[in-house]
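Look at TrEMBL and you will find 81-105, 163-188, 209-231, 237-255, 280-301, 321-339, 346-365, 418-438, 445-464, 492-517 tagged as transmembrane segment. Taken from TrEMBL, the feature domain 'CBS' applies to 577-643, 673-731.
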Amino acid sequence: MLRRITFVSHDAYTNGKTGNTKLMDLLDEPVPGVGTYEDFNTIDWVREKSKDRDRHREITSKSKLSTPALLESISDAFSGWLLMLLIGLWSGALAGGIDILAHWLTDLKEGLCLSGFWYDHEHCCWGSNETTFQERDKCPEWQSWAELLGGSSVGASAYIVDYLMFIIWALLFAFLAVILVRAFAPYACGSGIPEIKTILSGFIIRGYLGKWTLIIKTVTLVLAVSSGLSLGKEGPLVHVACCCANILCHLFTKYRKNEAKRREKYAAAGVSYYFPLKTLWRSFFAALVAAFTLRSINPFGNSRLVLFYVEFHTPWHMVELVPFVLLGIFGGLWGAIFIRANIACTYFSVLEVLVVTGATALLSFPNSYTRMSGSELISELFNDCSLLDSSQLCGYISSPDNSNTIPDRPAGPDVYTALWQLALALVFKMLITVVTFGMKVPSGLFIPSMAVGAIAGRLLGVGMEQLALNHHDSAIFKSWCSPGADCITPGLYAMVGAAACLGGVTRMTISLVVIMFELTGGLEYIVPLMAATMTSKWVADAFGREGIYEAHIRLNGYPFLEPKEEYGSKALAQDVMRPRRSDPPLAVLTQEGMSVGEVEAMVADTDYSGFPVVVCQESQRLVGFILRRDLVISLENARQRQEGVVSASLVFFTDHVPAQPTSGPPAVKLRGILDLSPFTVTDHTPMEITVDIFRKLGLRQSLVTHNGRLLGIITKKDVLKHMAQMANRDPDSILFN
């Protein structure tokens, strides 16, 4: 609501002891700063929505009076769609650019393209006429660092040169990433999803979605991914999209001046917490624009919008649900172990980032499956072998007849070599991802988690394939797997395993299945994905209901009320409210009788975010609630702009100011900034209901009354501390007010 502050003019006291009280409105516009929020505070959702309703009513009423006002109303209604168009274009362009640059820098660790240094390995060899189908990644235009520096690509010396250059480039990329983050944008580290969820719930973190954060996050995300660290870019891209939304929101007045309206666009660009129905259609529109932009850029080089396109030719069978469920169990166990281990391993210094990067490069280079990027590894594991496939995982013993069918075949030496390498890669990925996620560089978790699950799934898939081949006449396979038929698809097992591990870490279910559809395009495999995902969640929940992002929210002490967290305490509001029996009385303001000096002294002596206003100290009858920031700004403004206001001036929160003696200083009327409808609960309201109210209404505080008499206050921080105590956690871990 647009509130105005009025002061009693000094001229009101010129007509005797009870002169005519003349209210002088000094401000044609709201006081700058009133209605805004300080850093690390929670917004008032009710007030923000009320402000937007008042603004909309004013525009609608004016639109009937003149043509310019009507055009302004149409522009206001269209601005939301225009904003989503801009967000989609910008986010899609950045996502495509990040992917292209990451591919180039990743290949730069292994060599350089002579026909153009800006080409990655794949694009460098596309135009070559000297490649063979079996070795289509080798061409004269692309040379390894051993060839460039030593003139030879074979031998021990060439291997050592390539090894050292791989480590040097990895350390350089990681060093640049962590230095840029520390020097210019500390908020650019991590995945950003825990903070985005907290911001969407109403918390203020100034600068987290700013322009410097966007620039540094974009640059360092490319560097971090290219360094070879076990991290992904999908989570940080959510942060990038929300930064785009925040910056573009400041181009439109109704979003720039309203925190709740801005969060609608954050939800459309990133993850959903506050998600009104109308935002659904605008989110769909933004996704459409981003997909169109991404399709135009074609960063994956396959003319498709999905990162891992799969095209399996064999249907799955009901018997396979058993191994799919086993993959779900593995994913749940891995998720539970990962969360606990990762929370115990948090890295902050440049040296620790470089140590992890050096260890990753040193251990990953000898194994081709750990040397390649996470997305390449997953794509390799999802691959369904064809007759012309040259992958080591497809090194089966060919059948004597040269048919075009692809039956289940005995595994050859290449397959067994690949399985050993994958087993080692699985152990390496599980360990290194624990210590990588959460470092002070941009780091996503989707790709590393999917890689762990995809490796486990491919190993199980090949095992099932060979089992079906050698025991096709057993009771398990006889009814549906005839000799020579293509019964088992190992790539499908990799896809199911990837979903299971990602679900175990994040505890996503429906959204995860949708994400897997988006990444792979495999719609017909919905049942295996759902079975593995649900099993993974059930197993992981048995060890703790927190996903990795919720665990990091708790680790950082953010004031976030998790909607999924159950509350079973029988406590009442009076058990949680402040002041407690041993505390000093509640700091309140009276609606009349207090001086400016007394109010300022109360503000200086306390650190509360707001103060209840009562009729008088004796009755404690509630009048309203005033925010600390609004009170301070208004009093400062009164001293600066109204002549005669001193510490002895009386402060009134009433509609009418009583007549004042002519000899006294002018009074200050602050009724305009008083919230006359603060949310209240009675002292006997169950905390279970109170917690639901805080969650669903996004409250920052609720006053506690008994028969209309003010007893105390419950803040969001009080609720979080109480819930931490109920869960046997340290209540002081809630850091922010």
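Cβ coordinates come from backbone N, Cα and C, glycine included.
Quantities reported herein were computed from a predicted structural model and do not represent experimental measurements.
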Criterion met for the transmembrane segment (418-438) and the transmembrane segment (163-188) (at least three Cβ pairs under 8 Å): no
Remote residues contacting the transmembrane segment (346-365) - C-beta distance under 8 A, at least 6 residues beyond either end: 162-163, 166-167, 170-171, 174-175, 177-179, 182, 227-230, 371, 428, 432, 435-436, 438-441, 555
Any contact, the transmembrane segment (280-301) to the transmembrane segment (81-105), with at least 3 Cβ pairs under 8 A: yes
Proximity of the transmembrane segment (321-339) to the transmembrane segment (163-188), 3+ C-beta pairs under 8 angstroms: no
Counts by DSSP class (helix H/G/I, strand E/B, coil) across the domain 'CBS' (673-731): 24 helix, 18 strand, 17 coil
Structural state census, the domain 'CBS' (577-643) (DSSP three-state): 24 helix, 17 strand, 26 coil
The transmembrane segment (209-231) and the transmembrane segment (492-517) contact flag, 3+ Cβ pairs under 8 angstroms: no
For the transmembrane segment (237-255), sequence-distant contacts whose Cβ falls under 8 Å of one of its Cβ atoms, 6 or more beyond its ends: 52, 55, 76, 79, 83, 86-87, 90-91, 94-95, 98, 191-193, 195-196, 199, 209-211, 213-214, 217-218, 221, 261-262, 265-266, 268-271, 442, 444
